[in-house]
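Asks: Before anything else, here's the structure in question.
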Amino acid sequence: MTIERTLSIIKPNAIKNNALGTIIHRFISANFNIIGMKMLHLTKAQAKGFYTEHQHKSFFNDLINFMISGPIVVLVLESPDAIRRNRDIIGATNPVDAIAGTLRADYADSLIENAVHGSDSLTAAMREINYFFLAGEVYGSMYQ
């Protein structure tokens, strides 16, 4: 199976609710290698740039205001089939639809404040990783 990289974001509500360590532990327990990690407090411009594909949707302003409301942690995860596996661990975007035991079922407060983000495709993963990380800030088997 092909080794992939994906981006995951631990969002402000999960950090505020002291779930950061538990969420990271769950990624590690699922055999992801964390090959890049940063804690950031996004500016409005950074949040708008990251979520640009949603700019014409009704929830855009609420999403941006939430994402700048506190610190986030961005992670580059590496494993075989990383994108699908990360999405499985995260759960459905709407926590009401998330399967018990997924991160969103356990830590999301609402559809907007849904605790975590995960890339949904290889193309998105590459774009999102490059949005937050320079090549020299990501380490792992793909770089050796």
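Note that Cβ sites are derived from N, Cα and C of the backbone, with glycine treated the same way.
Below are the features listed in Swiss-Prot for this protein:
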BINDING   Lys11, Phe59, Arg87, Thr93, Arg104, Asn114  ATP binding site
ACT_SITE  His117  active site, pros-phosphohistidine intermediate
Asks: Let me make sure I understand the structure: which of the binding-site residues listed (Thr93, Asn114) has the fewest other Cβ atoms within 10 A of its Cβ?
Replies: Thr93
Asks: Could you find out if DSSP has Arg87 (ATP binding site) as helix, strand or coil?
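Replies: The residue in question, Arg87 (ATP binding site), is helix (DSSP, three-state).
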Asks: Tell me, in order along the sequence, which binding-site residues from Phe59, Arg87, Thr93 have their CA within 10 Å of His117 (active site, pros-phosphohistidine intermediate).
Replies: Arg87, Thr93
Asks: Give me the non-local Cβ neighbours of Lys11 (ATP binding site): same chain, 6+ apart in sequence, Cβ-Cβ under 8 Å, ordered along the sequence.
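Replies: Result: Phe66, Met67, Ile72, Glu113, Asn114, Ala115, Val116, His117.
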